[in-house]
Amino acid sequence: MEIIRAKHMGFCFGVLEAINVCNSLVEEKGRKYILGMLVHNKQVVEDMERKGFKLVTEDELLNDMDELKEDDIVVIRAHGTSKSVHEKLKERKVKVFDATCIFVNKIRQEIEIANENGYSILFMGDKNHPEVKGVISFADDIQIFESFEEAKKLKIDLDKTYLLSTQTTLNKKKFEEIKKYFKENYKNVVIFDKICGATAVRQKAVEDLAVKVEVMIIVGDTKSSNTKKLYEISKKLNDNSYLVENEEQLDLSIFRGKEVVGITAGASTPEETIMNIEKKVRGIYKMSNVNENQNEFSLMLEEFLPNQEKRVEGVIESMDQNFSYLDVPGERTAVRVRTDELKDYKVGDTVEVLITGLSEEDDDQEYITASRRKIEVEKNWEKIEDSFKNKTILDAKVTKKIKGGYLVEAFLYPGFLPNSLSEISDSEEKVNGKKIQVIVKDIKMDPKDKKNRKITYSVKDIRLAEQEKEFAGLAVGQIVDCVVTEVLDFGLAVDINTLKGFIHISEVSWKRLDKLSDNYKVGDKIKAVVVSLDEAKRNVKLSIKKLEEDPWATVANEFKVDDEIEGIVTKVLPYGAFVEIKPGVEGLVHISDFSWTKKKVNVADYVKEREKIKVRITDLHPEDRKLKLGIKQLVANPWETAEKDFAIDTVIKGKVVEVKPFGIFVEIADGIDAFVHSSDYNWVGEEIPKFEIGNEVELKITELDLNNKKIKGSLKALRKSPWEHAMEEYKVGTTVEKKIKTVADFGLFIELIKGIDGFIPTQFASKEFIKNIRDKFSEGDVVKAQVVEVNKETQKIKLSIKKIEIEEEKREEREQIEKYSTSSSEE
């Protein structure tokens, strides 16, 4: 069976450093506490408990704070802790060893700095995770969310500036989606992306491996956030993915019939656990408690510091590339020393050496072996002790990079230089042979063998000592020389000799600087003034702009509300434009202050960056450094005269500026539109007009709403309606002959003019009784009827056939009467 390890897996340097911190404290006096789980791994935690550490929660520590003594030790876990715990520990003056991961510390520091400088914080992470609980306690104004859906629901104030940050162990792909959303939708959100590099590469490594193997094993504590994320990623790509804490949880049946197995592990998983998993898979599982680093270190000590045997003096008789041979009185054979130990000697010189034994059996000739190096090592011990006691600086050389740090040699004394004390960058590749300066941090001797000395070196302590000296020499208001080390979105990180300083973007210039990288680069030498000093954190905050006079100091004397002035546009944003009215003094023209009449304003249509424009001051508060400007205030508000200019029934011409399916908008004055609904285009029966933008039209004002600044107009109101025409033509008594348009159960409809029908009720359709009107009339029949009623309110005209018939009948009767009357007279 082939077992393939992920390219990146297991202990990250943050976890390793936390474990190294605890291991270095095992022999210290006093009670030893670890705040929370040192790392999310039961085996590591249990190992620490066996070594004398007691695990306590934050609540337990705070409750028992009064019982802590000055020689007690508290180790802060890799995930960090809350601000209140830090402050309480500082008050108690106990020995605190902060093993917080540097990525977590970096995020915490950036959030704290940003919050102090007025930024609101947006933080993505699991609010119940100990890392998140600790980090967010350092900010007052903060919103927490866990998903893209929650991010979209956040309340973002466009007048505020935000810092977006994240939990270090978050899924990098998820945060990339969040970053993209905020970049595309908000210009006032600064993104601080510090997902742990170890987390990101481990997630990428498991993605690459999961698709290449038949079974994927993820090793780690089930409570570990980064371990669970590795499992989730693997499970999506390979359904045969299993999360186990140790070899005891491993079910060998899952490997039945499988040939290729992949293994990865969380950042808190020991190498021993991973190896035990591998051994069980191969069927050769057995426990191993080898400490790789310690063995390597011990072997090196044995190589250079064997038990002393005998010192002798001899004359160098010959030297070759590998060995030199000495004549030592009293010895039965030549004494052989490695030539590289006698670089400062030549043939004929007398030299003192230490006898170490006999040459190997396979040598052609037997020699007594000796060492000059070990003599020199003993002579240099005073320098090592002096460095330990008085912190004197030693020249040293890196001999090898090992897990957790480096093997270093100073005055022939090898020792261990932990990563946390090395000041050597992780990205630095060629470190073997690197010359450095160190001090001795610690010496441990074996009581049974005083030659077995374990030395811990430190580079960091040299810097801290120099920093302490330099920090003591600083004062608020002092001008210092700095070198830019990092250009961030919200400030400049600088070096002041050995000290670190920070210049927030708001302290760089009195002028607006949206992108510091346009003005500064790494390596720039600048001057700045010290504005605050934090002795506890060795933090130095500086200002460049305070080297010059505050331009706001004279604003009250130079400007007042209602002044019309010229300025330069410095920034165009969706919600307005910033205009500089003098160097270092800016005001905002809000989007609502560009036009009296336009409801939808595109700021970029009005102004461009670096353009000189005229503005009016609408609000000014120099003490708060607030200035509001307006462009529309330069001209009169046309709505103030709208009641007179656009009174109801006013006929006015304008141009079509927008065509919608439901109507048109007509500009009747600069920036003032009237809306004409499609139902007001034409009367029934008239041709429906078509409009294009730019068409000139005439309309009549039908509605004026000054409160909501709305005007409605009508095109058809310019002409008489069909009803008005009908009223003029069809008065009561008018007789018409028209075709029947519709036959209904209750009467007849005839079209008088296009769009206006007349109605003949059934009872008016004939003088005779009509049982079924459809039997008597059909659509298309021409009938003669008389208008009997015109109702203006309902706009209805009623007619009668019956009245015509009765009148005709009466006329015929009169004619007959007249006829017979005439005949009788003649007779």
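Yeah, the Cβs are placed from backbone N, Cα and C, and that goes for glycine too.
When Swiss-Prot records H40, H129, S224, S225, N226, S268 as binding dimethylallyl diphosphate, the matching candidate from H8, H79 it lists for that site is H79. A distance of 6 Å separates the Cα atom of H79 (isopentenyl diphosphate binding site) from that of C101 ([4Fe-4S] cluster binding site).
Looking only at the domain 'S1 motif 2' (562-632), the predicted model's pLDDT averages out at 93. There are 18 other CB atoms within 10 A of the CB of H129 (isopentenyl diphosphate binding site), with all protein chains counted. Other Cβ atoms within 10 Å of the Cβ of S224 (isopentenyl diphosphate binding site) number 24 in total over all chains. Take the mean position of the Cβ atoms of H40, H79, H129, T168, S224, S225, N226, S268, the recorded (2E)-4-hydroxy-3-methylbut-2-enyl diphosphate site; other residues of that chain with a Cβ within 8 Å of it are V39, A78, E131, T169, T227, G266, A267. The Cβ of H40 (isopentenyl diphosphate binding site) lies under 8 Å from the Cβ of H79, G220, D221, K223, S224, S225, N226, T227, G266, S268, each on the same chain and at least six residues away in sequence. Note: the Cα of H129 (isopentenyl diphosphate binding site) and the Cα of T168 ((2E)-4-hydroxy-3-methylbut-2-enyl diphosphate binding site) are spaced 11 Å from each other.
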